[in-house]
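Chemist: According to TrEMBL, the protein has these features:
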{"type": "DOMAIN", "residues": "1-186", "note": "domain 'G-protein coupled receptors family 1 profile'"}
{"type": "TRANSMEM", "residues": "46-63", "note": "transmembrane segment"}
{"type": "TRANSMEM", "residues": "96-117", "note": "transmembrane segment"}
{"type": "TRANSMEM", "residues": "137-161", "note": "transmembrane segment"}
Amino acid sequence: MACIWITMLFINNVRSSSIFITFIGIDRLLAVVYPLRTRHLRTTSNAWKSSVLIWTSVVMVNIPESFGFKRYLDSGKDDTCFEFYRKSGQSLTGLVYLQPVLVCTLLAVNIVTTALVSWTLRRHLTDSAKVNKKMNVMLIFAMNLIMFIIFFLPVSLVVISEDWRPFFMPLSCLASVNCCLDPLLYYFSLDGFWKKKEEIDTSQGQVALNSYDLN
């Protein structure tokens, strides 16, 4: 039972992180492309509702997965935790394909949102504000894509490729590192962080200007 719980927690870490990261990208997209029309959607209440819905969906998927994984372990053919894919010669179940399909779909959404935000910033920002504003916003989207490509995609695809299965455990360890980077991404996505950064940059610029005037 402990093996099943640990494995499900690991799977949920990848799934929930990839979903929340995608939601952050969509939120930033709405803030940049449709700031006024979507203000009523980007509220704390809706954020809580979305979080509850995500976790409920993730846990509900765990129920059939847990039963299938238990039958797999009880068969006595493999007692190793995290071996939640079928060995060669056995047919893959539909739930095994859920992970790679989910991650690939969310990655595609992140690529589209990144392209739309970059295009919008390039069109609407003036030359004087373009560099700083674009770098601030695009940093979040760049971090999203990097986390997907490095942490989520390899470990999700390895379960459907027999040639990659020897690399499953190293890729699982790599995917676990994302839980240390998630708080940084969430912090950088806060509006308060960028407002504070702009205030610091403005004050530093004013100090530099005053020093220049004194000289």
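Each residue, glycine too, has its Cβ placed from N, Cα and C.
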Chemist: Let me spell it out: take the transmembrane segment (137-161), skip the flanking residues so only those 6+ beyond its ends count, and list any with a Cβ under 8 Å from a Cβ in it.
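Modeler: 14, 17-18, 21-22, 24-25, 28, 32, 84-85, 92, 96-97, 99-100, 102-104, 106-107, 110-111, 113-114, 117-118, 121, 167-168, 171-172, 174-175, 177-178, 181, 184-185, 188-189.
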Chemist: Give, as a single whole number between 0 and 100, the mean pLDDT over the domain 'G-protein coupled receptors family 1 profile' (1-186).
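Modeler: Mean pLDDT, the domain 'G-protein coupled receptors family 1 profile' (1-186): 79.
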